[in-house]
Amino acid sequence: MAPDTHSSHPLLDPSSSLPHANSNDDRGRRRTPSPYHPVLYDSESNFDPSAADPSPFSSSGRPSNPRRTTSTSLRSITPVPLAAQALHLDTTLRYRLAAFFLLVSLVTFTVQTELASIVQHDLGWDKAYCMLYLTHGSWVFLFPLQLAVLRLLKREIPWRPFWRQVLWEVRVVGSMVEHQKLDVQTPRRRRGRSRGGGHQQQANSPWRYLVYTTAGVTCALTVAGLSWYLAVSMTTPSDLTAIYNCSAFFAYAFSIPLLKERLHMGKIVAVAIAILGVLIVAYGDGNPDSGAGEINGGTRFLGNIIIGVGSVLYGLYEVLYKRFACPPEGTSAFRSVTFANTFGSMIGVFTIFVLWIPIPILHWTGIEPFEVPTGRAAWLLFWSIVMNMSFAGSFLVLISLTSPVFSSVASLLTIFIVAMSDWFMTGKPLSGASMLGGVFIMMAFGLLSWSTWKEMEEEEARRRRVVAAGGGGEEDVEDSESDKDEV
């Protein structure tokens, strides 16, 4: 039976035999899906639980491994046209997912911004750090929501093997993230006694790495977000908007040393046009000191320094996440999406259990007295938190599927969208500067989209050449990444 080419893992479907795989060991026998294979993330997997082992782990505590095939043997029995077709399908899926999550991030950020503005300014619940804590802490629900969706798609699998496969996927992709390569030694539990009498856990488990990475990325994100709230009352709205949104430039600057990003003239021009558009929106009305009020020069300068540091840290946060918390190039689109939501939940867990500490300190010192929101403020705050969680999950996925530079410039579209929503809600028309700046930002986004699309096309062509040449290692297809260490 030919493999299902519409599946996200068309070449490794355990319920179907591969072309030309006619060995005596495999002929006429259904294979039990291995926990190494991401059957949970294949929406069209033909997994039959009635024919499967009720547990993906053997009695020895080690995962069962019924398929003793290497990535080399898989390449040798898989026709090159089918492998190339799988690469093309995954690239197309990556385009569609990126477009979908971009749209979701723009809509949810716009709604969240409007709701947060009403809660803080109109209803008087102006608790900057508490709101930051609640919004970032809500990210913890990203993984449970994803788990619920996967469970609905895989209701035929008993809960115990389903949960084990989910955890196994997190560990496998976590190891790929840690080593930034597809060909990694899968973490597994060894039988054997340590000196203390307990079972030994293999040293290459990714959990410790993920904990440290979560702590570092979350701290950069929290300080960047907090700088916005600190600088709001110290500088003008124009300065705040212009400086903070320069994070797109810093994302590109950090991408060069950390992500080995090549200097690309198209990207440089796109980032420059985007920042120019932001400056036009912020200062184009001819009154750069608008909103300064009683802010003196020294306070405004300090506020600009604070928001400048936040802009740098936000660009750094995006690049750190891409470099240390995203799967390497060649990972399938579905795995990139699912692990992005998993890491988002890790940020939420760290926020809830660690970043609550400043709340009582701010309350006791009188800087930000704690107050539980009630009535309409509580209701709108709840929906603002839900929108922020949706935006965060979509934005993390977008970075994982594309790049920090593309995601950062795309987020600048929200400046124009928020201005449009203000127009519809308040009846105050857009100024000429806002419209011109919005046009510049959209031009920059279009140019960067074209540049990113060209890079993804070049990457797909390179991987096709590798498949045609029979190459392996880190250059291999994403569909064989889960089978490389099963020997």
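Note that Cβ sites are derived from N, Cα and C of the backbone, with glycine treated the same way.
Keep in mind it's a predicted model, so treat the numbers as computed, not measured.
Annotated region 'Disordered' per TrEMBL: 1-74 (among others), in sequence order.
Per TrEMBL, the feature compositional bias 'Low complexity' maps to 8-20 (among others).
Feature annotation from TrEMBL assigns compositional bias 'Low complexity' to 47-74 (among others).
Within its own chain, the transmembrane segment (97-119) has Cβ neighbours under 8 Å at 125, 131, 135, 333, 337, 373, 377, 380-381, 383-384, 387-388, 390-391, 394-395, 397-398, 401-402, 410-411, 413-414, 417-418, 421-422, 425, counting only residues six or more beyond its boundaries. Under the heading transmembrane segment, TrEMBL lists 97-119 (among others).
The transmembrane segment annotation in TrEMBL covers 131-153 (among others).
Annotated region 'Disordered' per TrEMBL: 183-202 (among others), in sequence order.
Residues annotated as compositional bias 'Basic residues' in TrEMBL: 187-196.
Long-range neighbours of the transmembrane segment (209-230) within the same chain, counting only residues 6 or more positions beyond its ends whose Cβ lies under 8 Å from a Cβ of the stretch, are 128-129, 132, 136, 174, 177-178, 240, 244, 247, 303, 306-307, 309-311, 313-314, 316-317, 320-321, 324-325, 343, 346-347, 349-351, 354-355. According to TrEMBL, the feature transmembrane segment maps to 209-230 (among others).
Panel annotation: around the transmembrane segment (242-259), residues 224, 228, 267-268, 271, 274-275, 278-279, 281-283, 304, 307-308, 310-312, 314-316, 318-320, 322-323, 403-405, 407-409, 411-412, 415 of the same chain, lying at least six beyond its termini, place a Cβ under 8 Å from a Cβ of the stretch. What TrEMBL lists as transmembrane segment is 242-259 (among others).
What TrEMBL records for 266-284 (among others) is transmembrane segment.
Taken from TrEMBL, the feature transmembrane segment applies to 304-321 (among others).
For 333-357 (among others), the entry in TrEMBL reads transmembrane segment. Long-range Cβ contacts of the transmembrane segment (333-357) within its own chain (Cβ-Cβ under 8 Å, at least 6 residues beyond either end) map to 8, 38, 41-43, 90, 93-94, 97, 133, 136-146, 150, 169-170, 173-174, 177, 210, 214-215, 217-218, 221-222, 321, 325-327, 392-393, 396-397, 399-401, 478.
Per TrEMBL, transmembrane segment is recorded for 377-398 (among others).
Cβ atoms under 8 Å from those of the transmembrane segment (405-424) belong to residues 102, 105-106, 109-110, 113-114, 241, 245, 247-248, 251-252, 255, 261, 267, 270-271, 274, 277-278, 281, 315, 318, 395, 398-399, 430, 434, 437-438, 441-442, 444-445, 448-449, 452 of the same chain, restricted to positions at least 6 beyond its ends. Positions annotated as transmembrane segment by TrEMBL: 405-424 (among others).
Sequence annotations record features per position, and here TrEMBL assigns transmembrane segment to 430-453 (among others).
The annotation region 'Disordered' is assigned in TrEMBL to 464-487 (among others).
Taking every listed stretch (131-153, 304-321, 430-453) in turn, the largest tally of C-beta pairs under 8 A with the transmembrane segment (377-398) is reached by 131-153.
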